Amino acid sequence: MSGRDMAKPLLGHQIIEGDASITPAAGRTIGVLGSGDFARSLAIRLVCSGFKVVVGSRNPRRKAGLFPSAAEVTLQAEAVKKTDVIFVAVFREHYSTLCDLADVLVGKILVDVSNNTEINHRKESNAEYLASLFPACTVVKGFNVVSAWTLQSGARDGNKQVLICSNNQEAKRTVAEIAQVMGFTPVDMGCMSSASEIENIPLRLLPAWKIPIFLALGLFICFFTYNLIRQIIHPYIREQKNKLYKIPIEVVNTTLPCVAYVMLSLVYLPGVLAACSQLYYGTKYRRFPDWLDQWLQHRKQIGLLSFFCAALHAVYSFCLPMRRSHRYQLIETAVKQAVEKKMNIWVEEEVWRMEIYISVGIIALGLLSLLAITSLPSIANSLNWREFSFIQSTLGFIALVISTLHTLTYGWSRAFDENQYKFYLPPTYTLTLLVPCTVILAKVIFNLPCIQQRLQRIRRGWEKGRYVKFVLPSATGEYSSGETSSNV
């Protein structure tokens with residue numbers, strides 16, 4: 001398969017490449033033990049891939065109608081005798097029911113496709129347990145990360161990777177060839193000791209999103225509480241006004257842009273910290289702290305959550321004039337103006353502020369949309385590294401700058417109005433400016449020629465205090481060697 005069609009493999013493992021001279025024989029017979037949903041989907045995919053399928057069931061007459069007509073459904077013992085590669089599609093607690101087949105299973109390749117209900121539920125993996133029950137067989141762990149839906153609809157509509165591990169290289173190669181014919185990408189995960197890791201993968205719920213989601217929720221709760229104090233509690237205590245109606249829309253809509261803005265700045269802050277570390281130590285080979293390394297790895301998820309909050313903010317803002325409370329306030333303002341006989345209420349400064357504020361916000365949301373789209377694997381794979389880096393780095397930083405302008409135009413001169421400091425608390429948007437402005441200032445400093453050149457040298461392998469060898473010609477035409485510090 002071409003590199004474009006392959007999903008990114010797990011770090012530290014190799015994709016098993018099939019030898020062009022070795023192709024599974026057309027019409028090879030594959031056995032399937034089990035009659036559940038996964039066994040049926042597996043049989044369908046194998047038949048569609050050109051294999052002959054023999055399904056072993058304890059009740060073949062009752063289960064035959066569930067499988068494709070091209071698949072042979074028979075007793076388990078008969079199915080085992082007709083093939084050398086057998087997919088064991090039964091639960092771990094039912095492995096013992098196969099012990100009666102121990103004699104006919106001798107020398108067979110058993111592919112364990114089972115999963116657990118909990119992570120690390122048992123010390124011994126399902127594949128290792130199956131191997132202990134049938135020591136005369138070769139057990140291969142595989143296909144457990146592929147869903148029944150993917151098997152039925154084909155590899156294009158689901159995960160294309162099939163993680164495989166076994167203590168027998170030839171058995172892994174055989175199963176890998178079957179996976180390739182079925183349209184999947186086999187990934188060698190090593191020996192059988194990796195089976196526990198493979199079995200835990202389907203049980204993890206969005207492992208890369210856990211930290212970013214908790215971060216976004218934490219920021220939302222902090223900003224929501226802060227806005228609740230300023231917009232609801234303050235007028236209730238100082239003016240005895242009940243403004244609880246603002247909580248579902250206004251308070252939430254004030255909180256969402258704060259979360260989106262800070263989350264966007266947190267995408268680029270770890271890069272600033274990493275650059276500071278490299279400049280301080282004068283090398284790129286020093287390992288970053290674990291917290292910074294984890295932060296760098298979660299930037300994509302943080303950025304997507306930033307876009308999500310920004311999109312919600314746009315929808316909430318669009319719905320603001322539709323509220324009944326807004327209509328009452330609009331009518332009340334019109335009546336007061338009529339009573340006071342104010343015919344012209346046009347405020348040039350406020351008009352320009354809102355026009356610029358909305359325009360800049362639309363541009364910022366458009367750039368965030370572009371960043372989110374290019375984060376999708378299907379789009380990212382169609383870009384070369386320079387294009388991807390330009391969009392994610394350069395345009396991303398521009399989005400941060402424009403978002404800062406959006407925030408500043410919202411504040412305008414309000415930051416200097418003492419009436420905005422309720423309970424002596426500054427407006428929310430002034431708090432959100434701290435991290436983004438720090439990132440922008442650091443980026444400007446890093447782009448200074450003296451700093452930029454040093455950082456580029458470090459990232460190309462230069463190290464502070466490292467001695468390098470040099471060779472110089474002598475007066476006689478001969479060459480003499482010596483050493484000098486790379487600081488010179």
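Cβ from N, Cα, C; glycine included.
With DSSP classes pooled into helix, strand and coil, the tally for the domain 'Pyrroline-5-carboxylate reductase catalytic N-terminal' (29-116) is 35 helix, 23 strand, 30 coil. The domain 'Pyrroline-5-carboxylate reductase catalytic N-terminal' annotation in TrEMBL covers 29-116.
Across the domain 'Ferric oxidoreductase' (259-401), DSSP helix (H, G, I), strand (E, B) and coil residues number 119 helix, 0 strand, 24 coil. Summarising the annotation, TrEMBL assigns domain 'Ferric oxidoreductase' to 259-401.
Same-chain residues lying 6+ beyond the ends of the transmembrane segment (211-229) with a Cβ under 8 Å from its Cβ atoms: 247, 251-252, 254-256, 258-259, 262-263, 266, 294, 298, 301-302, 305, 309, 422-423, 425, 428, 431. Sequence annotations record features per position, and here TrEMBL assigns transmembrane segment to 211-229 (among others).
With a cut-off of 8 Å between Cβ atoms, the residues of this chain six or more beyond the transmembrane segment (259-281) that come close are 215-216, 219-220, 223, 288, 292, 295-296, 299, 302-303, 305-310, 313, 368, 396-397, 399-400, 403, 407, 432, 435-436, 438-439, 442-443, 446, 451, 454-455, 458-459, 464. Taken from TrEMBL, the feature transmembrane segment applies to 259-281 (among others).
Taken from TrEMBL, the feature transmembrane segment covers 302-323 (among others).
The transmembrane segment feature in TrEMBL is assigned to 356-376 (among others).
Among the features that TrEMBL reports, transmembrane segment is placed at 388-408 (among others).
Per TrEMBL, the feature transmembrane segment maps to 428-450 (among others).
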